Amino acid sequence: MSTEKPPLASGLARTRSEQLYETLAAAIKSPFGSMDANGVPATAPASIGGGRETLSRKSSRRLMMSASPGRSGGAGTHIRKSRSAQLKLELEEVSSGAALSRASSASLGLSFSFTGFAMPPEEISDSKPFSDDEMIPEDNEAGNKKPRFQAEPTLPIFLKFKEVTYKVSIRKLMTSAPVDKEILSGINGSVSPGEVLALMGPSGSGKTTLLSLLGGRISQSASGGSVTYNDKPYSKYLKSKIGFVTQDDVLFPHLTVKETLTYAARLRLPKTLTREQKEQRAIEVIQELGLERCQDTMIGGAFVRGVSGGERKRVSIGNEIIINPSLLLLDEPTSGLDSTTALRTIQMLHDIAEAGKTVITTIHQPSSRLFHRFDKLILLGRGNLLYFGKSSEALVYFSSIGCSPLITMNPAEFLLDLANGNINDISVPSELEDRVQVGNSGREPQTGKPSPAAVHEYLVEAYETRVAEQEKKKLSDPVPLDEEAKAKVLRLKRQWGASWWEQYCILFSRGLKERRHEYFSWLRVTQVLSTAVILGLLWWQSDIRTPRGLQDQAGLLFFIAVFWGFFPVFTAIFAFPQERAMLNKERAADMYRLSAYFLARTTSDLPLDFILPSLFLLVVYFMTGLRLSPYPFFLSMLTVFLCIIASQGLGLAIGAILMDLKKATTLASVTVMTFMLAGGFFVKKVPVFISWIRYLSFNYHTYKLLLKVQYKDFAQSINGMRIDNGLTEVVALVAMIFGYRLLAYLSLRQMKITT
């Protein structure tokens, strides 16, 4: 291996260059050194002339890439990151002032076309002086360890979309006819395994709609064009191969990070894996995402302290990559994150793509460092395609049509200004200026510049005439896969990760862990026990041997029937509306059957629902002097449990039908009040035409059962109610338990899955 020193200049620069060369030579010879892609050390690190003592930016980048961890072509050896940082510092000291200025501009992600310096397109990606790894800031949340995503075997997906359109019908007035509004118009693009495609554009430009269409989350009836996966149309089989991360982190707040990912693994990974293998996969994802430090911390939410925003976003991504998806789609994964965490998140997406995955993400306004990390870019404006191609060539393209920034600015900010039609601090193309002057319209009266509508029309037309046809021809090229690999996307068989019983058990356990904090909050426990104590004091050792005492105790039994009919209803109406986002997300990913979820959701509440009523009855029963024998006590408790389950079914049905908390609360208030008034305590003689209401009232049947349990051997009738065996009331309550729940289930079946 030749180690001949290059010619150097004189003075301090010569000394520092010699030191740098010796350091690099020693690094290459050392057992921890790395070679470049060809297995040889990098070429001369400096191109130093007589009057220019500067390093070539491209050579220095290659040099640093050969010394950077993860970029080595050798057999698993590399120079440590600390040494890379030291070499970077020495390299900067060698450079002259002019070279340092240019290198600083490049490291900030600024294009030289801003100042009029023409730079070839192939040089733009090499304009950063050091390796990408050196520009990754230290992530305080995930530690210094860079995540490594193993290239697990998966079906490669080449995604293409041609002339994609999407319209929605909007009815402005109740009487007017619906008007079609075009959200997307003629969008073309493609992305291959190993690439990260960014969808950029201002708010309302159609980014999320396009992402949902590509992920199969929107019905194809309202869309046009073609979206193909390995040259095949979308099929339900692809649900298990597509990961979709929504903009909002939809997670259970009371579960820990480890529990969240473990439940996802047990539900989504194939049946062929054992439970231990699925749980091990969850641990591996935690390590890949750098979440070891917070794996036992609750996710948290609006009222619960938990992990940070960056960690929560990584958990959302982990929920999807745990299935080893071939295609990963993310909706604004950097929203609400600081620049350091956002850069870490985008770098993580790059690592995922390098493992053979296809990654598409929407992004609103990235920093310059984030912008340079995308492989491909789609720029949308008002639903139209303004640019599709390599992100490194976007500025060159817009310069070619006469749109260049007049001042130094973030490339993403420049592109978003163009998409909005804002050309302040941007050169006006002569063709656009001539068009506005000839038409004598489309000009802003205050500034005299072309209007946003005129700028948008020019950009759309420029792309259609200069680039669109070439890109459309590329989309016609077949993907480099054999027919067997292409045919895999046509399998229509739905693949569940677990059997129905396993799904039920997993969801039951998850629901129990999630809601135990809510059920045993100090507020709820205080509410129930304080009510019980007040009742015990007001009805302290009541005597039923007198008519007045009997009437008082009947009032107590009616209050118990009303309280445990009212309380569960207003708890249950929140169940499905609050979990609607989670239900939509998990059903869209085919995580479980709806029947397994519904049964687990309704039965996981039962163990918790029995604890507080039992404490309530223990306090009230003995303080108020009800019949002190085991048989009446346990029958009274069973009666209250039947009332709770029946009223809970009514709350579930109302919540599932309306899926709106305000409307559901209003309807539940009216219904419960009606059932209470028809309960047989306030009104003894009800008109015939409305008397049927009492038979629908669980308060009425519970009140009658409690009277029969307490006074079966004491009196023949109480308050006009005949004392018998109570079989009719039991059958009525059981019918309500199943009838209300069936209504709730059918309502959920009719609910459309939305993104």
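Glycine is treated like the rest: Cβ placed from N, Cα and C.
The region 'Disordered' annotation in TrEMBL covers 35-79. What TrEMBL lists as domain 'ABC transporter' is 159-407. Taken from TrEMBL, the feature transmembrane segment applies to 554-577, 598-622, 634-658, 665-683, 730-748.
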Revision key, fill the gap. For the domain 'ABC transporter' (159-407), the averaged pLDDT of the predicted model is 91
Practice item. Go through 598-622, 634-658, 665-683 and flag the stretch with the largest number of C-beta pairs under 8 Å relative to the transmembrane segment (730-748). Key: 634-658
Exercise for review: Six or more residues out from either end of the transmembrane segment (598-622), which same-chain residues have a Cβ under 8 Å from its Cβ atoms?
Suggested key: 503-505, 507-508, 510-512, 515-516, 519-520, 524-525, 528-529, 531-533, 535-536, 539, 556, 560, 564, 568, 572, 575, 579, 628, 633, 636-637, 640-641, 644-645, 648-649, 652, 741, 744-745, 748
